[in-house]
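Pulled from Swiss-Prot:
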type	residues	note
BINDING	CYS149, CYS152, CYS202, CYS205	Zn(2+) 1 binding site
BINDING	CYS166, CYS169, CYS188, CYS191	Zn(2+) 2 binding site
REPEAT	149-156	repeat 'CXXCXGXG motif'
REPEAT	166-173	repeat 'CXXCXGXG motif'
REPEAT	188-195	repeat 'CXXCXGXG motif'
REPEAT	202-209	repeat 'CXXCXGXG motif'
ZN_FING	136-214	zinc finger
Amino acid sequence: MAKRDYYEVLGCDRGADETVLKASFRKLAMKWHPDKNPGDPEAEIRFKEISEAYEVLKDPQKRGAYDRYGHAAFENGGGPGGAGFNADFASTFADIFDDLFGGSMGRSGARSAGGRARGADLRYNMDITLEEAFSGKTAQISIPTSISCEVCSGSGAKAGTQPKTCRTCNGAGKIRHAQGFFTLERTCPSCQGRGTVIEDPCPNCGGAGRVTRERTLQVQIPAGVEDGTRIRLGGEGEAGVRGGPPGDLYIFLSIEPHTFFQREGADLYCRAPISMVTAALGGTVEVPTIGGEKTKVKIPEGTQSGKRLRLPGAGMPVLRSRSFGDMYVQVVVETPQNLTKRQKELLAEFEGLSSTDTHPESNGFFAKMKDFFQGASSDND
């Protein structure tokens, strides 16, 4: 039977780049791998065909020869097998085999000899106030976590016994499986890659080598942390398997919304209401700071509502620095309500005394309105 075109086998056009070829090969190899299609002779044929096509097209030199001469380029002993199976090709297959059955092609796994493995990392979510983020704090937390069994010292074996070498893999932790022109390795199902089995498990941990306990830790929260800050505590995660190193603990901080301040980086923003008289004549207004003190803010004469006044260095500390952000006070001019008759009379009298100098914005606005309507009237004439 004549060989199919390699590009047709992989479902790619002749201009496909290496990324497209690799993605297509991976998809087809996953579909037709014999381990996913046991007892299916067609799957074995298709898998070999796919492997051969990719081995040629992934290599620029072989691809060039194929594009020029077709399958004839590899006749008379010049076939695509043999040395063409390089590390990159093996890496691609290894990724596929990991997806298929959690094995590998000679690659080292997370477990070392004897089944030792690093413990899992843990995550702890902590809510803090803006004041605590400003000053920093020492927090005490309790977390349920796996620790090394104190009875068997993490071995998982009953006192006076030792784990035995796994008979299935002879202590290798992996089983070799011949497939075509290469050899696969998969994790031993009997010992789960440890190379040893426990015949007499520790009664305290049931052979796991670890037990769950509640641990209390002191966590130092530095001043200036922001919402979403992550703090890593090395070695405070779950205990390792069979004496492996422990994982880490990650503290994720969430800062609660504040009733008075809003934060942007190291700067703080707040609003302060003032009277019309204070806005017109000037004065001072007292506002709180994030540190708990009160400070007086000078209101310049003629201050308009919405104006922001800056207090240098009154914001949040910058993390791992001696500098501070600023605090911005936005002035909100209150319109008086529930006025007495006399107050209304005085305001009316003031309005009568007003001029373009006292209300430049208003007068400018009405002047523009007048010009607008006059211009519109002229256009209609």
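Glycine is no exception: its Cβ is also placed from the backbone N, Cα and C atoms.
Because the structure is a prediction, the values reported are computed rather than measured.
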Annotated stretches the repeat 'CXXCXGXG motif' (149-156) and the repeat 'CXXCXGXG motif' (202-209) touching (3 or more Cβ pairs under 8 Å): yes
Residues within 8 Å of the CYS149, CYS152, CYS202, CYS205 Cβ centre (excluding the Zn(2+) 1 site residues themselves): GLU150, VAL151, SER153, GLY154, SER155, GLY156, ALA157, PRO201, PRO203, ASN204, GLY206, GLY207, ALA208, GLY209, ARG210, VAL211
Local Cβ density at CYS149 (Zn(2+) 1 binding site) - other Cβ atoms counted within 10 Å: 20
Assigned element (helix, strand, coil) containing CYS202 (Zn(2+) 1 binding site), judged by DSSP: coil
Around the Cβ of CYS169 (Zn(2+) 2 binding site), the count of other Cβ atoms that are within 10 Å: 21
By Cα-Cα distance, the member of binding-site residues CYS166, CYS169, CYS188, CYS191 nearest CYS149 (Zn(2+) 1 binding site): CYS191
Cβ-based neighbourhood (8 Å from the centroid) of the Zn(2+) 2 site, residues CYS166, CYS169, CYS188, CYS191 excluded: ARG167, THR168, ASN170, GLY171, ALA172, GLY173, LYS174, ILE175, PRO189, SER190, GLN192, GLY193, ARG194, GLY195, THR196, VAL197
